[in-house]
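Undergrad: Got these off TrEMBL a minute ago, pasting:
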type	residues	note
BINDING	Asp30, Glu217	Mg(2+) binding site
ACT_SITE	Asp30	active site
BINDING	31-35, Arg43, His47, 75-77, Trp79, Arg81, Arg198, 204-206	substrate binding site
ACT_SITE	Asn78	active site, proton acceptor
Amino acid sequence: MSVSPDRNLHAPAADETGAKMPRHVAFIMDGNGRWATARGLPRTEGHRQGLAALRKVIRHAGRVGIETITIYSFSSENWNRPQAEVSFLMGLLRRFVQRDLSELHEANVRIRIIGGRSDLEPGILALLKEAEDLTRHNTGLNLVVAFNYGARSEIVRAAQELAAKVQAGDMQPAEITEDAITAALDTSGLPDPDLIIRTSGEMRLSNFLLWQAAYSEFYFCDLYWPDFDEAAFDKALSCFCSRERRYGGLDAKAN
Ligand code: FPP
């Protein structure tokens, strides 16, 4: 996989018309199972093709100068799927780290994992840590992998951390501000997603980045995730570029 390693992170990202590009795009990669079922294939084949689509998206994000992408790779609710499918997804994650990690590292991609870690199997935990440790000092595309992730539980963990500080006398209740909560989340230090893309026609957030999505733009498309490619990504980006973001204020024309 090649992602341009020498991208200048400080250059303002804009499309050819000068419209502002998103710094951070998050993906809910939905529809792998339906993609496979529609072809008479086992659901696992949908996940395999989903990984191929993910590789395309990572490459393209690097090419067009996006700073951060977050992928919802496995939710805390996905453990409720049949054991065989969960095992397959774990195997896919293992393959992704084993096969793609060195290439991603060479391409200067920095990998960051978000999600609960305390109840993860040691083998999986070691794999995630290896990916983070190897790429920690890279300065290119940030690839944030949401694994065993659920936004409500992320917020609960952050609240518990802050409450423990207050209890220890290291913090005053009034110091629990929006910034303090933001800094206690798994995504600490990352920009909020400008754009959240969900494939497969479903239009919901499914416990993904609830706090961080306060001002995100949403883009829903009917393609199943394995069919999401560079052209579909470009379409989502140009839709984003055509939107006016007001953050609760008025648009520029009204001023
Ligand atoms: C949702 O489709 C997809 C997932 C639960 C898993 C996403 C995983 C990948 C794209 C594989 C690559 C990622 C890594 C890093 C392992 P679904 O199964 O819910 O589809 P359905 O709604 O059609 O059943």
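In case you wondered, yes, glycine gets a Cβ from its N, Cα and C as well.
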Undergrad: Taking the Cβ of Glu217 (Mg(2+) binding site) as the centre, count every other Cβ atom within 10 Å, in any protein chain shown.
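TA: For Glu217 (Mg(2+) binding site), the 10 Å Cβ neighbour count is 17.
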Undergrad: Measuring Cα to Cα, how far is Gly31 (substrate binding site) from Asn78 (active site, proton acceptor) in Å?
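TA: Cα of Gly31 (substrate binding site) to Cα of Asn78 (active site, proton acceptor) measures 14 Å after rounding.
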Undergrad: Going along the chain, which residues six or more apart from Leu205 (substrate binding site) have their CB under 8 A from its CB?
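TA: Looking at Cβ-Cβ distances below 8 Å from Leu205 (substrate binding site), excluding near sequence neighbours, one finds Ile28, Ala151, Ile196, Ala213.
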Undergrad: Check the binding-site residues Asp30, Gly31, Gly33, Ser76 for any whose Cβ is under 6 angstroms from an atom of ligand 1, and report them in sequence order.
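TA: Only Asp30, Gly31, Gly33 meet the Cβ criterion.
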Undergrad: Between Asp30 (Mg(2+) binding site) and Ser76 (substrate binding site), what C-alpha distance do you get in Å?
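TA: Taking the Cα atoms only, Asp30 (Mg(2+) binding site) lies 15 Å from Ser76 (substrate binding site).
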Undergrad: Would you count the other CB atoms within 10 A of the CB of Arg198 (substrate binding site), including those on all shown protein chains?
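TA: The Cβ of Arg198 (substrate binding site) has 23 Cβ neighbours within 10 Å.
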Undergrad: From the Cα of Glu217 (Mg(2+) binding site) across to the Cα of Gly33 (substrate binding site), what is the distance in angstrom?
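TA: Cα-Cα, rounded: 26 Å.
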Undergrad: Roughly how many Å lie between the Cα atoms of Arg198 (substrate binding site) and the residue listed as 'active site, proton acceptor', rounded to a whole value?
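TA: With the alpha carbons as reference points, the distance is 17 Å.
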Undergrad: On a count of neighbouring CB atoms within 10 A, which of the binding-site residues Trp35, Trp79 is highest?
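TA: Checking each of Trp35, Trp79, the winner is Trp35.
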Undergrad: Based on Cβ atoms within 10 Å, give me the single least packed residue among the recorded positions Ser76, Asn78.
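TA: The recorded positions Ser76, Asn78 were compared, and Asn78 has the fewest Cβ atoms within 10 Å.
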Undergrad: Under a three-state reading of DSSP, tell me whether Ser76 (substrate binding site) is helix, strand or coil.
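TA: Going by the DSSP assignment, Ser76 (substrate binding site) belongs to neither helix nor strand, so it counts as coil.
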